[in-house]
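*Asks:* This structure is in structure tokens; I'll ask about it shortly.
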């Protein structure tokens, strides 16, 4: 079962209900809407289709609104484009003009105050470089020298590496888009070009004004200033997106992999989800198969510890959107098989602080690995418990049971967490019982599996203080167990020694009213023994201990309840008999 989550950008190639259904079936967990393009009508229709497709499949698919952000762009060019030549001077004006080979203008009037002689200005995603020769604040102009030939077309992006620009945290357009997202009930906001913690707080204030504090903020780190201020940004954020496109323009390309690793590591330590984004399977916009480098890129992001991997143009406008998701699913699934979960847990343990929830999270992850648990099941009010366990990357899947569908969708971004809808409970026992049942319904857990359950106080979030090891199964009978062993096998019901001798086979579970010395030969073949007669000093108890097999005595009507050939598991430590094979300690 794949733990890494897949984020897909929805666009013209993927906006239909039919295509969205295929993407979800192929592995999409979160749908991203890029508000750099499209209007409210388009995005509203896409949100409606996403909800309809997810309802049809019964899946909790999150919706992420990606803002355009406070970017700098050029204005229009003469004849739609100009040819810039190496060594020629080019004036950048703060007043809008139609661009020529002598002068162009930009959308950000404050640029003249932010750059200085020697600064570098990059145009069109870094394809054309300019060196600042002089700044004339009075004329509102920047004199530059063109560093390489290139064609500059209308409204291209402008980057200023190493310069702290005084753009606002969010633009008026961003604010309108976010309010629209609130009205539509999106789950995540991914603000672009976040440079400092105050940028995030501006957005949080806007969410609070509209009573939408539950929407999570996943800032996109796309420049050096954002990298430098990462600790403060993370403190006020719910996660992070490593947006390698603009980041690779703002900082040297050779630094991007190192920054990616560092940002992922910081998110992992805090238990906050991190998305690795941009050009992951870029060639699949045109080709049905990825390059080997792209496959390695996806795998290495998973080895770094990313929670989610993102597709952009591949699913928004590419020719092979479904194949791209399937490819990402296959690479992620195979990469996860190669992870050393014990080593990851050991490293994470040394990287984080210690709260009660952290202590429980660590213990749960350790216990699940040591007992080879089939799953970790956690009833959760806010999703916090599930996230705190997920940060230790246990090998077992985490089934988070919550009554809140919004929390289920937000957990769609967290590695290894699979959310299920639960019911309100009035007591801890009721809550745990419901969680076990929902984990069975999910298909992740089946009867006989050993699971680790963790939870807190009913109705209170952030109070995780309980851990329980539990065998999921139909307990069909209980008596008094002798010893701590367990065994699995077919039942042989015998009323006396002669019948036992005739029917017993190696590895069968002998079920009888009582035993005596005439049954010793049959007992030596048995994997376990169950008697109706009770008593810790009974013949069955003493012989069972001497033979080293699990024994349950005092099980009322055992010879009537159990039938010949019935496969059961005998758990002496609990005195329980399970239907079928059960994973017991």
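Each residue, glycine too, has its Cβ placed from N, Cα and C.
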*Asks:* Quick check on the annotation: Swiss-Prot has 34, 35, 36, 37, 73 binding ATP, so which of 153, 156, 220 does it put in that site too?
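*Replies:* Given 34, 35, 36, 37, 73 bind ATP in Swiss-Prot, the matching entry from 153, 156, 220 is 156.
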*Asks:* Just give me the nearest neighbour of residue 37 (ATP binding site) among the recorded positions 67, 220, 222, 246, Cα to Cα.
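*Replies:* Closest by Cα distance to residue 37 (ATP binding site) among the recorded positions 67, 220, 222, 246: 67.
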*Asks:* Can you tell which of 73, 156, 220 has the most other C-beta atoms within 10 Å, given these are the recorded positions?
*Replies:* 220
*Asks:* Taking Cα-Cα distance, which of the binding-site residues 32, 34, 35, 66, 73 are within 10 Å of residue 220 (site 'Transition state stabilizer')?
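*Replies:* Hits: 66.
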*Asks:* Near residue 36 (ATP binding site), meaning Cα within 10 Å, which of 66, 67, 245 (binding-site residues)?
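*Replies:* Correct set: 66, 67.
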*Asks:* Under a three-state reading of DSSP, tell me whether residue 156 (ATP binding site) is helix, strand or coil.
*Replies:* coil
*Asks:* Do you know offhand how many angstrom separate residue 245 (substrate binding site) and residue 222 (Mg(2+) binding site) by C-alpha?
*Replies:* 8
*Asks:* Compile a sequence-ordered list of residues in the same chain as residue 246 (substrate binding site), six or more apart from it, whose Cβ lies below 8 A from its Cβ; state 'none' when nothing qualifies.
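*Replies:* Looking at Cβ-Cβ distances below 8 Å from residue 246 (substrate binding site), excluding near sequence neighbours, one finds 125, 157, 159, 193, 222, 223.
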